[in-house]
Amino acid sequence: MPLAFRCSGFVVGAVMSVLLMILLTYSIHLLIADMTECCRRRRVPQVSMPEAVRIAYEEGPKWINCFGRAAGFMTTCVLVFGQFLLCTVYLVFVSKNFKEIGDHYIDRYNERYYVLGACLLLLPLFMIRRLKYLVPLNLISNFLLYAGFALIMYYLFNGLPNINDREMATPPVEWIEFIAIAAFSLTAVGSMLVVEAHMAHPQSYLGLFGVLNLAVLFILLSNMFFGIIGYWRFGDSVHASITLNIPQDEILSQFIKVFIATGIFLSYPLNGFVVITVMFSDYENSEPRGRYRTLIEYVVRLLFLFLTGAVAIGVPNLAALTELEGAFSLSNLNLLCPALIDMFLNYNVGYGRLMWKLIRDILLMLIGLIFGTVGCTVAIMQLIRDFQLTLNSM
C-alpha cells in the first residue's frame, strides 16, 4: 500500500481506498446473494462461482442458454489465473526479502535462485490436500506476519520527515496504478468464497456486523495505516514491499524480513488450496474419474507450483505483477462476474423500479471492462520490458 499511496498522494489515496473497498464489498455481497439464489433455484446446498455463472446463463435469455457450460469453464479459468498471479507475487516477494538477507551474509546470488529454493521448500507443504491440516500453517503465518508488522513500526515512525514534503494528490494519470495495487491488497474473492463455503455457520458471513464486513473493515484500516505511514516515511523512494526499504544490515530489520517473508511463504499452500478447490469442484461429480482424482490432483499441484515458479523466475517484477493481479482480479472477479450473474438471474423476475438493478449491473461491467483493460495493459507492458531485459542479459 505505501507504493499505492505514492501513486495517489495522501488525500486521494485515502478517499479512493474507502470508495474502492465499498465497491469491492458491495460486489462480494451481491455475488454471495446471487450464489444463494442459485442454490435455491437448483435446490442444492451450495454452488461454486463457476456453477453460479452456468446457472445464471441457463436462467437468462434463451439465446445465451447454450453458452452456460462455456461461461462456467471460463470463470474457472479466471479464478485459477487470478490465484496463479497471486501465488506468483508471493514467490517473488519471498525471494526478494530473503535475497536481501542473503546478500548481507553470503555472495550476491541472483534472486531467481531464491525463487527456485522457495519452490523446492514449498513442494511438501503444497501437497497437503485437506484444509484442516493447513490451519496450523495459517496460524503460524498470521503470527509471523503480525509480529513482523509490529516490529516494522520502529522503522516507520523513526525519522518521519515533514508531511508537507509528500504529495496530497498526484496527477489522475497515476491513479490507475493506485487502484490496481490497492485492489491486490484489499481483496481476494477466491479465498473469501472458499472460507464462506467451509464455515460451520455460513449465515453469519453476511449482514451488517457479519464476518465479511468486519474483516473488510479491519483490512481497510490496516492497509490505509501502512500505506499512509509507509509513504510518509519513505516518499518517492518506497519500494513495492515496505520491507525492502528498511536497512539490510541490522539484526532487527533482518528479523522483520524473515518473519514477514516466512508468513507469506506459509500462506502459499492455502491460496493454492483455493485453486484446487475451484478446479476440482465439478470433477468429483464424475464417478469413473474419481478413482484417479488423487493422482491427478497431485500432478496438478506440482504443475501449478512449477508454473508459478517459472513466471516468478522469468519476470521477478513485484510491482508489475502486483498491478496485474489487482487489475485482473478486480475487473473480472469483483465486477464482471457478479454483475453478469445478477443480470441474468433477474432476467425473468424483473430488474426492479426504473430497471435500477439492470443499470447497476451495466455500470459494474463498464467499470470492470475499462479498469481491467487499462490496468492489465500497463502491467503487461512493464512485464514484457522486464522479460526482454532478462533475455538480453543472458
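Placement of Cβ uses the backbone N, Cα and C atoms for every residue, glycine included.
TrEMBL labels come from automatic prediction, so no person has curated them.
For reference, TrEMBL has these:
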DOMAIN    1-380  domain 'Amino acid transporter transmembrane'
TRANSMEM  12-33  transmembrane segment
TRANSMEM  71-93  transmembrane segment
TRANSMEM  113-131  transmembrane segment
TRANSMEM  143-163  transmembrane segment
TRANSMEM  175-195  transmembrane segment
TRANSMEM  207-234  transmembrane segment
TRANSMEM  254-281  transmembrane segment
TRANSMEM  302-321  transmembrane segment
TRANSMEM  333-350  transmembrane segment
TRANSMEM  362-384  transmembrane segment
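Against the transmembrane segment (302-321), the recorded stretches 12-33, 71-93, 113-131, 143-163, 333-350 differ in Cβ pairs under 8 Å, and the greatest number is found for 71-93.
Long-range contacts of the transmembrane segment (71-93) within the same chain: residues 49-51, 53-54, 57, 115, 118-119, 184, 188-190, 241, 261, 264-265, 267-268, 271-272, 274-275, 278-279, 281, 304, 307-309, 311-312, 316-318, 321-322, 324-325, 328-329, 332-333, 337, each at least 6 residues beyond the stretch ends and with a Cβ under 8 Å from a Cβ of the stretch.
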